[in-house]
Amino acid sequence: MSAEPLIAGVDEVGRGALFGPVVAAVVVTVPSGFARLWELGVKDSKQLSPQKRQKLSRQIQRDFVCRIGYATVKEIDRLNIFHASLLAMSRAIGKLPLSPSLCWVDGKHIIKDLSIPQKAVIQGDQQSPVIAAASIVAKVWRDDLITRWHRRYPDYGLARHKGYGTAQHLEAIGNYGLTSQHRLSFSPCQPRLEHDCRTICPRVIEIS
């Protein structure tokens, strides 16, 4: 058995989207495994083509311990996106079949009530191969999920923008309304929510 410490990297995707859950992935390796990740071509998922991300995600999940966690739209609206993102990360780590010696968390904040040592790494998906690997796995998993939702809501163009607030998406919200997977607490969804409430919800008239 290797005497090297187990290092986990965790990252989330979908924080800025208007539709769907926020998704986190954790990837675990030993320090000598970093070279393998660099060799595969791991980098920040936003810098990779969808085809390259798909290929890398399969390779990462084949060669390393990985887990996924997410927070639902209802949890995002109830907790706010910051706390929901940390919840998704915590859930991913909680599914691990082993206990890492250290967890590197992308961003400025560590995860509350996590029993293992943590280090927050600003722009971690650009600094750490294990965090970058987690960003790739999370991105591919979430994109696949949103593409499946596209089959249920084809008018919103979800397969193209993956739930983010593009002009096409905002126009579709204006035309067709909000779905069960839209984040009602996000400001771009508010005008349509207020419109629907005025249209559907009866006004309460106070009689003096």
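Every residue, even glycine, has its Cβ placed from backbone N, Cα and C.
Annotation comment: Swiss-Prot describes 5-198 as domain 'RNase H type-2'.
D11 (divalent metal cation binding site) falls within a strand segment according to DSSP. The divalent metal cation binding site annotation in Swiss-Prot covers D11, E12, D106.
Close to the recorded divalent metal cation site, the chain also has V10, V13, A24, A25, S85, M89, V105, G107, G124, D125, I131, A134, S135, A138: residues not among D11, E12, D106 whose Cβ is within 8 Å of the site's Cβ mean position. A count of other CB atoms within 10 A of each Cβ picks out D11 as the most crowded of the binding-site residues D11, E12. Counted within 10 Å of its Cβ, the other Cβ atoms near D106 (divalent metal cation binding site) come to 27, all protein chains included. Confidence annotation: the domain 'RNase H type-2' (5-198) carries a mean pLDDT of 96 in the model.
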